[in-house]
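TrEMBL annotations:
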- B:4-182: domain 'Guanylate kinase-like' (DOMAIN)
- B:Gly11, B:Pro12, B:Ser13, B:Gly14, B:Val15, B:Gly16, B:Lys17, B:Gly18: ATP binding site (BINDING)
Protein chains: 2
Amino acid sequence: MEKGLLIVLSGPSGVGKGTVCSALRKRATDLTYSISVTTRKPREGEVEGVNYFFRSREQFEEMIRKGELLEYAEYVGNYYGTPANFVQQSLEAGKDVLLEIEVQGALKVKERFPDGIFVFLTPPSISELRNRIVGRGTESKDTIDKRMDTAVEELSLIKHYDYAVENDQIDAACERILSIIVAEHCRKERVLPYLTKWIEEVR
Amino acid sequence: MEKGLLIVLSGPSGVGKGTVCSALRKRATDLTYSISVTTRKPREGEVEGVNYFFRSREQFEEMIRKGELLEYAEYVGNYYGTPANFVQQSLEAGKDVLLEIEVQGALKVKERFPDGIFVFLTPPSISELRNRIVGRGTESKDTIDKRMDTAVEELSLIKHYDYAVENDQIDAACERILSIIVAEHCRKERVLPYLTKWIEEVR
């Protein structure tokens with residue numbers, strides 16, 4: 001069976017990764033969405049294995065020790081991580097998996113899944129970002145410089161990615177991501193092994 | 001201005017390149033379709049610069065001498081070729097150009113446009129092609145062998161291409177080709193120069 005594709009959706013903070021991912025969940029129901037594991041308590045309505053895998057701190061730390069997490073981080077006293085098993089098993093079952101993750105985590109995932117498809121969401125209206133940063137002229141030069149540095153630093157991470165998708169409109173961004181998945185399935189490299197095998201069988 | 005993409009649609013004879021290309025013309029009106037030059041007489045209703053560029057034999061041979069054709073071939077006493085100028089100018093104007101062409105011609109185009117996106121249309125229901133060839137058992141072993149050789153030879157050309165698109169249904173094939181074009185526009189390599197330039201301008 002053909003293995004599924006791992007699509008890693010990332011980008012600078014505030015770019016709208018979560019919003020785009022939620023929109024994809026509604027549209028692309030044939031995609032499998034990676035589920036994070038966390039040590040924080042479930043909120044009202046959150047379901048184990050749907051929203052998160054909920055684990056104790058001890059269990060989480062054991063997952064870390066056993067190398068069962070693709071990446072993890074600690075925020076406000078709670079751990080959040082991506083279980084490798086869920087991703088691996090879904091891919092092997094031929095499912096395309098979408099993993100939405102911040103930039104540092106994505107680079108970690110790339111170490112384990114170099115064949116993943118890494119999509120970098122760029123800020124909406126990148127052509128207008130200059131105006132936003134230089135702005136109305138009310139900011140001090142220091143503030144502008146600092147913002148520029150952050151923007152440049154974040155954007156420079158694109159070099160580790162395969163695709164850059166502009167998040168100008170949520171629907172348009174979703175459309176581009178879904179096109180990328182269709183196109184990747186058509187890549188000669190992916191089709192060739194099956195064709196070759198088929199030719200050999202027929203001969 | 002960002003240059004357009006050259007999309008070369010090819011594949012074995014009988015795979016339905018022409019039919020898929022006609023369907024694309026109706027759907028994707030923002031694509032520019034490469035126009036061939038020919039020495040045959042215009043048929044009823046054919047328009048210069050729309051269906052073909054009509055030229056005399058002398059004019060065509062001068063185009064060959066001047067290297068003005070990406071590729072050409074002679075069929076039934078008439079020349080057919082692809083003028084380089086039309087493709088080049090459209091790309092430079094930022095237009096995506098679709099060129100539908102047989103396999104040998106496509107390889108010629110690749111020499112001039114190595115950056116083109118080469119899409120190989122595979123036979124419909126490739127998984128069923130075996131049944132078709134081995135067939136109802138009414139064919140001689142020689143005929144089956146010859147067909148298999150041709151099929152294998154044609155399919156082996158996929159290695160020169162970037163994408164393999166199965167022509168199981170015309171609409172589905174069009175959808176995949178259009179997805180490939182969208183995805184290629186999002187490739188990091190294409191976006192990076194513009195981002196870098198933008199960052200430098202802002203700094």
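All residue numbers here begin at 1 and follow the chain in the order shown.
Placement of Cβ uses the backbone N, Cα and C atoms for every residue, glycine included.
The structure, with features from TrEMBL marked on it.
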residue: B:Gly11; record: ATP binding site; Cβ within 10 Å: 27
residue: B:Pro12; record: ATP binding site; Cβ within 10 Å: 20
residue: B:Ser13; record: ATP binding site; Cβ within 10 Å: 9
residue: B:Gly14; record: ATP binding site; Cβ within 10 Å: 8
residue: B:Val15; record: ATP binding site; Cβ within 10 Å: 21
residue: B:Gly16; record: ATP binding site; Cβ within 10 Å: 17
residue: B:Lys17; record: ATP binding site; Cβ within 10 Å: 22
residue: B:Gly18; record: ATP binding site; Cβ within 10 Å: 10
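Mean per-residue pLDDT, taken over the domain 'Guanylate kinase-like' (B:4-182), amounts to 89.
The record gives B:Gly11, B:Pro12, B:Ser13, B:Gly14, B:Val15, B:Gly16, B:Lys17, B:Gly18 for ATP. Within 8 Å of the mean position of their Cβ atoms, the other Cβ atoms in that chain belong to B:Leu121, B:Pro123, B:Asn167.
The DSSP secondary structure for B:Gly18 (ATP binding site) is helix.
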